[in-house]
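Read the structure below first, then the notes.
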Amino acid sequence: MVMIIPTTIALILYFYRDVQRAQALGIYGAVTAVVSAASPLIVGAIADMISWRFAFIPSVVLGVMALLFTFKFEETPKEPETNISLLGVVLSGVTFIALLFGSSLAAQYGWLLPRKPFELAGVELPLSIGAIVLALSVLFFALFVKYSAREERRGLMPLMQPGILKNKKFIVGLVGQSLFFIVVTGVVYGTAVLCQQALGMSSLETALTSMPYTVAAALFALSTPSLGVKVVPRYIIIGGLGIMFLGITKMLFELDATEFTWMSFIVSMTLIGVGTGIVMAQITNVMLSTLSEAHYSDGAGFSETMKELMGQGIAVALTGALLFGGWYFSMSKMAYEIESPQKEVSVEIIEQAALQHELDLQRIGVENEYSEYVVSLPKT
């Protein structure tokens, strides 16, 4: 997908110009939002009603359809002098693997100081292994940029033109886009974990919980791309972010309730979906409009790679660390207070996870604030 999506954007940039390009990118963002929102609902329903194995079938069918449709595209001009920078591919690949792997390790072992011991060649590391691997990802990225600059000076075609990193507007937009996808993915993933692990909901019930988000994101993503022609897109994005954070704030207050069903988050998930749809319909065009035509392909690749990396990688690691690190206490307490048909299952799951986390901390002699509470909870 990381290879296909940048190519799709590059084709849009090649075949469309000016207002049509903005509209095409808006529609692309809208379709992306619809697919991202609808897929959990569809997959959850298939997994719950048939089997999780059948949940992979839509991906295969859609993949074959996409392959067949590619033959209808007009072929772009070939450039025989184009070469592939193999070392650049290796350096960029190692960079992103280290970033993803480091984030996963950091969620388990700590983001700076070790949450539990990790030995390398018989030596216990003073820092978290996650922090060390993340630092290596920064080092490899610096090497990748330096190598790309050297290739450009030699008249070769680097994997990424380093000049794109000097575009401050693009970098600011890239950071903003990354933060946006971290928040959106974190909310969706966190809600799914809360519903299944804390509240004991089924896959279908969890999917129904996110249905207001799915419908709202789809409707507003498909109906707002043309607004970017009449209103400055950044103002539209600011408005969408405001609506999204209003929904997140409401959800935080709803977590204080003592009874949950799949209908508990209808209003908050709808607001989050509305904001997400509005932003998704504009953000790609805003990002790429800051670049010169020579940097379009690099910008598309960089943008989509960071979106996948932050949205699907970093966001999941951060959310997992928050949910399964310091929140065992509050989740255990909430599981005892809520009224739910799956209450006993919820309490058992959270107790087991909390006690395992307690053992990990005791291994390095750390007492934590919720261990006594969890151990003293009445058994069901």
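Quick reminder: no glycine exception, Cβ is built from N, Cα and C everywhere.
Per TrEMBL, the feature transmembrane segment maps to 25-46, 52-71, 83-107, 127-149, 170-190, 235-253, 265-288, 309-329.
The stretch from 52-71, 83-107, 170-190, 235-253, 265-288 with the most CB pairs below 8 A to the transmembrane segment (25-46) is 265-288. Taking pairs at least six residues apart, the transmembrane segment (170-190) and the transmembrane segment (83-107) share fewer than three Cβ pairs below 8 Å and do not count as touching. Cβ atoms under 8 Å from those of the transmembrane segment (265-288) belong to residues 9, 13, 21-22, 25-26, 28-30, 32-33, 36-37, 170, 173-174, 177, 180, 184, 187, 191, 209-222, 224-225, 227-228, 233-234, 236-237, 239-248, 250-251, 254, 296, 299-300, 303 of the same chain, restricted to positions at least 6 beyond its ends. Sequence-distant contacts of the transmembrane segment (83-107) (same chain, six or more residues past either end, CB-CB distance under 8 Å): 128-134, 136-137, 140-141, 143-144, 147-148, 151, 156-160, 305, 309, 313-314, 317-318, 320-321, 325. Long-range contacts of the transmembrane segment (127-149) within the same chain, counting only residues at least 6 positions beyond its ends with a Cβ under 8 Å from a Cβ of the stretch, are 85, 87-88, 91-92, 94-96, 98-99, 101-115, 118, 120, 158-162, 165.
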